[in-house]
Each structure stands twice: as C-alpha cells, then as structure tokens.
C-alpha cells in the first residue's frame, strides 16, 4: 500500500474565511494537506516535510505594525511556495518588495486579469483572449492593500486595470503569488491553477482518494487497537456512522455501538438506525430507550442553552453507565473531523483566532480510563461522506440535511414535552416528504419544521379548534455562515400546510419563516 501521507502540502492560515476551502480544494485534487496557524516553528515545518507551502489570505494589513508574517524558514525550505491574497502580500514584503495600503481602490468581487507572461502556474489556461492576444482569466478578488513593487528575481505575471501585480512569480525558486482567490468557484480556472501547483510544481501524486483513505484508516486502526475492544456512541449521523463502518471493517465484533434514543429524534429514526446498522450491516448495537429520562430531566426548562446542557449531561450519564457494562472496552471512538481539530488548535502567539474548544462527546467523565480513537480527524465533511459511500452507506442518509445534536430539543421552542415532539415529528416528516416528491429537497441546503408554543384558533368543518402552530423553515446557503430563506413555490407551501393541518391532529396553523441569516440564525434556538 502506498503511503498517502508521504507527499503533502502545508497551508499556513492567516485568518481568511476561505482558508479551509483551500485545503478542501487541494484534497479534491488528490493531495494530502494540513492547515496550520501562521506562527508555526521551523522545527515543526521540518518535521512535517511538505512538498510545497501555501500562504493563505487574511483580514489584516501587511502595512500594520505586528501583523502576521510567514516564518522566515518558509522561503529557505527549498520547496515551492504559493501566496494567495494576504499570502502574496506578506511574501512580497518579506522578500524585499513593497505593499501599499488600499485607499478606496481595493478590488472586491469579480475581476478579469490579463496574463502578461508565461508561468508554470498559468500554463495553458485562459477564459478569453484580449485584443492584444493575451490570455484573460475570470477571478474573484477580495483585497484593499496591494503589492506596489515586487521582490528582486520576480516577474509580473498578471495584472488588472487597478492592480499592476495581480500575480507574480520567481520561476527559479518556484515562488508564486496571486492577489485573487483560486480556491473559490468564481475563479473559473482556479482548480487548474491549484492542480498545476500541487501536482506539477510540487510533484505530488494524486493518491488521496476514498479507497486509499479507507485502506490507510483500517490499517492504522488495526495497529492502534490490536486485539482490544472499542465502544462508540452511534447517533445515526454522518460522522458516527462512518466511524462505525470503518471500525467494523477493521475489528469486526470487537466494536460495541451504543445508540441512545433520547426521544428527540425524527420520525422512525431510531428504528431506521437499528435496522440499518444492526440488521443490515450486522454491527453489535446496544439500544438504550431513554426518552422518559431525557424528557423528565428537561421538564419545566424553557431556556435553549439550559436545554442543550441538560441533554448533553444526560447523554454523558447514560453513555458512562453503558460503557461500564463493556468491561473489556479499552478504547472510546469518536467522530471528530478535521474542522473540529482546526478550530481547537489556536495559535502559538494568540494571533490566530480560536473559535471554540472542541470535544466530540463533551464532558465525558475524567475517570473513563480509555484511549481515544478518532479515525476521521484528518477529514473534511465532504470527504467523510465520500468515504461513507465507498463503505456502502446509503446516499440519502449521508447527504440529508443537518440535524442539531440536541435534536427536537431545540426545535420545540420553550419547554419540551412528549406531546409537542410527537406533533413536530409528524409535521416535519410531511414537509420533508413533500420536498422529495417535488424534487426540491436537494435544491435547499436545510429544511425543517419548528414547534411554536402558542395556540391558534382554527375551523374544521362546522367546529372551531384551538390548537398548536408550527413554522416551516428552508434556507439556501454555501457555508451556513450566512443564508437566504428559500423561495419555495406558493402552491408547494399550500400543499404542505394543507397536509399538516388535515393529517396532524393538534396543529391548526402553519407559517413559513422568511428570515435570512443574519439577522436570524438558521435554527430558532
């Protein structure tokens, strides 16, 4: 088996919103990469031994005092370097060029760059041709500052009307800088540029693919675990499901999955999990029916964060109880993925912003004397899904819309009761079913129903009814950081509303949430 980690790219993060996207694009090309904070040490870079280094973008100004800089060793490591946006600016400034602060003439959004001279990075790519026969590229810009003088040994490769150095290169040292963002889809030839850098300039083979990742993960799991037993909290979500399948391939019956039914799942979800993993795939699953325990613990609590903490605490208690029954289990498996690792990493100097501390199963008891197994910790979510498909998990399960960890606990507004959860489950199932039937499910990023703790007067036949209200929510988004409400057809919404009111006894009114993010969040709680 080839070593899929032998050839790799190091990406240094200066705080750009696009940095993880760069890493995902490099992985899509078939090359392993890791994303580290910009203030990494020379020793760490030497130990990692990358075939190439990418300096990512960032929000700060190179002209500002104490702004982030690439480690000097980056330019002495003898490997190709690609600077993107801020990365190009700090490369230029650190190697003797000049950067000037933007004063009202930055470039944001679509731009067209004209390629001035041949470069390995731009080899045989163009979107159009200028009147003078020069290649033109459609790119995405997001910068205020700009390079005003390039370092000695560099040539200007591309320009725009307002940016004389939209790209630069030192072909002898294989140093390249681009002021635009090749990682975003708006830069039409961006993927080919990154392919040129990773595959041709850095010489990495394209061997990072699902089948190779699975083979590597199974070998490493066997080596790590040996003949020991492992326990896994299986939720039925993407991450824990893929972990379960990998471990089952690696160690078979030495894996015990604990599935906790908290009474806050979607319609028939608990049975679907048991049918798929227990009956179909033959995994060893302990099914804990804990609906009453969770609902009793949340009784009288209406505050969202308090509900989340209660749900988390009760889960930990139950998982601890079940793990003690698995007396031979030496390892705890978790579905930690690479973005979790990145967000927890922080920065040596404190300059890089640490978004949150992360632990996949938060608050597990300190006396749980087990080793940790995290087979997905190198992978992005899209990679986890592709691996799941390769392992035989169904597409609909891997690509369904996100579902919050606390489940219906945060989709029933206010106090959570069994009656409310049962009504919400039925209404939500109708909404999702109709989205599938209308071929709309995969055209929205997330869709769900929310139970509102208010009653409304309705008319059924000759009688009046005073029943509950639900809200439908559907959004379109790329990254879930911002979102637009989905403009679903009126006749579709009418059909869903009619079905819910007629088929779910206890709901008298259906509304549609037309709030964007911001100012609203996607979930109501």
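Using the three backbone atoms N, Cα and C, a Cβ is placed for every residue, glycine included.
Annotated features, as they stand in Swiss-Prot:
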ACT_SITE  85  active site, nucleophile
ACT_SITE  181  active site
ACT_SITE  183  active site
BINDING   235, 236, 237, 238, 239, 240, 241  ATP binding site
DOMAIN    8-207  domain 'Glutamine amidotransferase type-1'
DOMAIN    208-400  domain 'GMPS ATP-PPase'
Model confidence over the domain 'Glutamine amidotransferase type-1' (8-207), averaged pLDDT: 92
Secondary structure at residue 183 (active site), reduced by DSSP to three states: coil
Recorded positions near the residue listed as 'active site, nucleophile' (Cα-Cα within 10 Å), from 181, 183, 237, 238, 239: 181
Which same-chain residues, if any, lie at least 6 apart from residue 240 (ATP binding site) yet have Cβ under 8 Å of it: 232, 233, 234, 335
Check: same-chain CB within 8 A of ATP site center, minus 235, 236, 237, 238, 239, 240, 241: 234, 242, 243, 335
Between residue 236 (ATP binding site) and residue 183 (active site), the C-alpha gap once rounded to whole angstrom: 32
Cα proximity to residue 181 (active site), best match among binding-site residues 235, 238, 241: 238
Recorded positions compared (85, 238) - highest count of Cβ atoms within 10 Å: 85
Integer Å distance between the CA atoms belonging to residue 183 (active site) and residue 241 (ATP binding site): 30
Recorded positions (183, 239), the one with most neighbouring Cβ atoms at 10 Å: 183
Local Cβ density at residue 236 (ATP binding site) - other Cβ atoms counted within 10 Å: 20
Cβ neighbour count within 10 Å of residue 237 (ATP binding site): 16
Rounded distance in angstrom between the Cα atoms of residue 235 (ATP binding site) and residue 183 (active site): 33
Cα separation, residue 183 (active site) to residue 238 (ATP binding site) (Å, whole number): 25
Residue 236 (ATP binding site): secondary structure state under DSSP, collapsed to three categories: coil
